[in-house]
Amino acid sequence: MSEDRAVRLSSQQILYTKAAILSAALTGSILTSYALFNRYLKQYTRVTQIPLSAFRKNWLYGKVTSVGDGDNFHLFHTPGGILGGWGWARSAPKLDKVNNKRSDSLKRLFFPRFLRRQKEQEKFQSLNVPFKGRRNLPTLSIRLCGVDAPERAHFGNAAQPFSEEALIWLRHTLIGKFVWIKPLSLDQYGRCVAKVKFWSWTGWKNVSLEMVKNGIAVVYEGKTGAEFDDERDIYIFHEQVARKERRGLWSLKKFETPGNYKKRVG
C-alpha cells in the first residue's frame, strides 16, 4: 500500500511540475507577444503616444492623409505595413481622387518644361495633386525637419512668394503615399519633428532635402529646436547649389526668409 501511495504521489508531482512549466511557458509567450506587439505593431494615433525610446532611433511607417502647409502634414500610422495586417486585416483610410484636367496632363507630356520656358512658379503650379486630404482622423502631426517653407497668409498677413508653390509640391509629392518617418523631437506646437523619406523609381528621397534642392524651402534658421539628424552640412550644400542656379524662391531678386518674415510680423 505504501508503495502504491508513493507512486501516486510521484505521478501527481510530475503532473503539477508539467502544469507549472506549461503555465510559465504560456505566460512567457503571452508577455513576449505583448512586448513584440507594442514594439512593432502598436498603432500610434497621437504624437504623445510615441515612446521616448523611439526618437532618433526608430522609423515609423504610415500613410499621408493631409498636407496643411508647406512644411507639415498628417500621417496615419500603419505599423508593420502589409505584414502588420494593413490592407487585409486592418484598413487604412482611403482618399478621394482629384479630377485633374486632361489638357494640363497633355501639356506636360508633350511640352517639357525646358521647351516651354516656364517660370519657376509655373513649374510647381502645374503639378497635379492626386488626392483630396482628409481631416478628423487619428493621425500624427508631422513637421519636416531641417527646413522652413515660405509662410502662407495668416492672421491678415500677406503670403510669402512661393508659399503656395511649396504647398502644391508637398501635396503632389506626399498626399496618399506611404512614407517612413524618423522622429527627432517635439516642437512648441506639439508636432513631431521628423526626417521623412519615401521610395521612388530613382531610390530613396529625403523630403526636406528635395524641397531645398527645388528652392521651395530654406535651411532652418532657428537657433533653438533645429533638427537635421546630423546632416546640416548636406542641407547647406544643396541650398547653395539651388541659390546659385536660381531655383524656386532663389529666382526672386529680393527674398525675405521665413525666419525673418516671422520676426517682422511677430
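The backbone N, Cα and C atoms fix where each Cβ goes, glycine too.
Counting only same-chain residues at least 6 apart in sequence, those with a Cβ under 8 Å from the Cβ of R143 (active site) are D71, N72, D187, Y189, R191, C192, V193, A194. Mapped onto three states, the DSSP output places R143 (active site) in strand. Positions annotated as active site by Swiss-Prot: R143 (among others).
The active site annotation in Swiss-Prot covers E151 (among others) and is backed by sequence analysis. Around the Cβ of E151 (active site), the number of neighbouring Cβ atoms within 10 Å comes to 22.
According to Swiss-Prot, the active site annotation covers R191 (among others). Around the Cβ of R191 (active site), a 10 Å sphere holds 18 further Cβ atoms from the protein chains shown.
The secondary structure of D148 (Ca(2+) binding site), as reduced to three states from DSSP, is extended strand. The Ca(2+) binding site annotation in Swiss-Prot covers D148, and the record cites sequence analysis as its basis.
The domain 'TNase-like' feature in Swiss-Prot is assigned to 58-252.
Sequence annotations record features per position, and here Swiss-Prot assigns transmembrane segment to 15-37 based on sequence analysis.
Mapped onto three states, the DSSP output places R191 (active site) in coil. Sequence-distant contacts (6 or more apart, same chain, Cβ under 8 Å) of D148 (Ca(2+) binding site) comprise D71, A217, V218, V219, Y220, E221, G222, T257, P258, G259.
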